[in-house]
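*Asks:* Have a look at the structure that comes next, please.
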């Protein structure tokens with residue numbers, strides 16, 4: 001996860017989003033596929049985590065809470081990570097709202113994606129069989145005067161410490177283990193993610 005934003009060179013082509021047509025008493029009604037899935041309380045977090053994406057995801061969660069505060073929300077994650085502040089706005093909303101947020105990793109959940117994956121409701125965090133998870137410490141690149149660089153370096157160390165504390169809380173690992181294991185990029189398979197405490201089980205097929 002990065003301390004400052006990075007441009008996603010593989011931004012999705014929204015023209016390729018399929019439409020779903022439903023018959024209603026008033027005739028046909030068409031939705032884009034993601035809006036239709038939102039009716040089923042399914043949200044997708046795909047691509048780099050950045051401010052625009054975070055705004056959309058938090059808005060969807062708040063909308064679903066307003067519709068029904070008792071029903072679970074399902075957050076599907078396929079992300080290489082992204083900006084810490086954007087990710088933390090999603091994290092705080094997940095913890096703030098009344099419905100449980102079930103997280104499901106498909107493809108990959110790396111960096112901030114992994115952090116959000118493990119932040120789901122206990123017992124409701126899943127990986128699909130061939131997905132992968134990667135955890136590491138926050139990344140930062142700064143330029144400018146030496147004093148400013150020092151200020152940013154101190155801030156990123158504070159962010160690192162806070163995120164390690166939260167990871168320890170959600171995984172059940174000790175803070176020392178989290179600090180050691182995130183010192184470098186650490187990749188985990190779906191099964192290893194269960195063993196580590198990042199998720200609760202591997203989804204192979206719907207019941």
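Each residue, glycine too, has its Cβ placed from N, Cα and C.
So Swiss-Prot has the following annotated:
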| type | residues | note |
| --- | --- | --- |
| ACT_SITE | 111 | active site, nucleophile |
| ACT_SITE | 136 | active site |
*Asks:* At the level of the C-alpha atoms, what whole-angstrom distance separates the residue listed as 'active site' and residue 111 (active site, nucleophile)?
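*Replies:* On Cα coordinates alone, these residues lie 6 Å apart.
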*Asks:* Return the residue, from the listed active-site residues 111, 136, with the maximum count of other C-beta atoms within 10 angstroms of its C-beta.
*Replies:* 111
